[in-house]
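S.K.: Input: one structure, supplied below.
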Amino acid sequence: MSIKSDKWMRRMVEQYGMIEPYEPGQVRYDAAGHKIVSYGTSSYGYDVRCADEFKIFTNVHSTVVDPKNFDEKSFVDIKSDVCIIPPNSFALARTVEYFRIPRSILTVCLGKSTYARCGIIVNVTPLEPEWEGHVTLEFSNTTPLPAKIYANEGVAQMLFFESDEICETSYRDRGGKYQGQRGVTLPRT
């Protein structure tokens with residue numbers, strides 16, 4: 001299994017629309033010239049952006065968090081350029097980018113150091129072969145203070161690994177429950 005390069009990513013975008021929208025370089029400044037958390041293509045990865053749709057966890061109903069029976073009322077929905085995550089809490093968001101993962105590829109997501117160094121952890125499960133959709137992002141605020149996430153700026157890096165052989169059954173083949181997801185997607189069973 002080998003990691004894929006910037007040249008490979010560009011080719012996959014051109015041939016298969018693997019990442020939409022796609023930024024061929026690293027963007028470090030917004031249109032007004034202000035510094036931002038970078039996004040776009042790096043040597044061996046792609047830095048994704050967070051969209052402006054957030055679900056912030058709240059426990060006002062004092063319910064138990066149950067992945068098999070998740071209560072949608074546990075979240076407050078906001079649409080904003082920033083998201084303030086309460087201390088020791090979390091928020092869900094989605095990528096700006098829509099992904100179409102090739103059958104021979106497994107994609108792993110890692111948080112950006114800019115956020116990690118502030119106690120904000122990004123968690124995403126692997127993107128499996130032939131999965132497609134917006135990626136749902138989970139941000140954990142591990143600090144005792146409110147934490148800020150910026151929409152339309154870099155939040156995590158996707159790494160693409162190619163297998164030595166094609167998988168027998170892809171995510172699409174088995175009818176994965178998150179196939180084609182758009183927007184922030186809550187747990188499904």
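The chain as shown is numbered from 1 upward.
Cβ coordinates come from backbone N, Cα and C, glycine included.
Just lifted these from Swiss-Prot, have a look:
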BINDING   LYS112, SER113, THR114, TYR115, ALA116, ARG117, THR136, LEU137, GLU138, GLN157, TYR171, GLN181  dCTP binding site
ACT_SITE  GLU138  active site, proton donor/acceptor
S.K.: Neighbour count, 10 Å Cβ-Cβ cut-off, for THR114 (dCTP binding site): what number do you get?
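M.R.: Other Cβ atoms found within 10 Å: 14.
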S.K.: For the binding-site residues listed here (ALA116, THR136, TYR171), which one has the lowest count of neighbouring CB atoms within 10 Å of its own CB?
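M.R.: Counting other Cβ atoms within 10 Å of each of the binding-site residues ALA116, THR136, TYR171, the minimum falls on ALA116.
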S.K.: Could you list the residues of the same chain, at least six apart in sequence, whose Cβ is under 8 A from the Cβ of GLU138 (dCTP binding site)?
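M.R.: Set apart from GLU138 (dCTP binding site) by at least 6 residues yet with Cβ under 8 Å, we have PHE90, ALA91, LEU92, VAL122, ASN123, VAL124.
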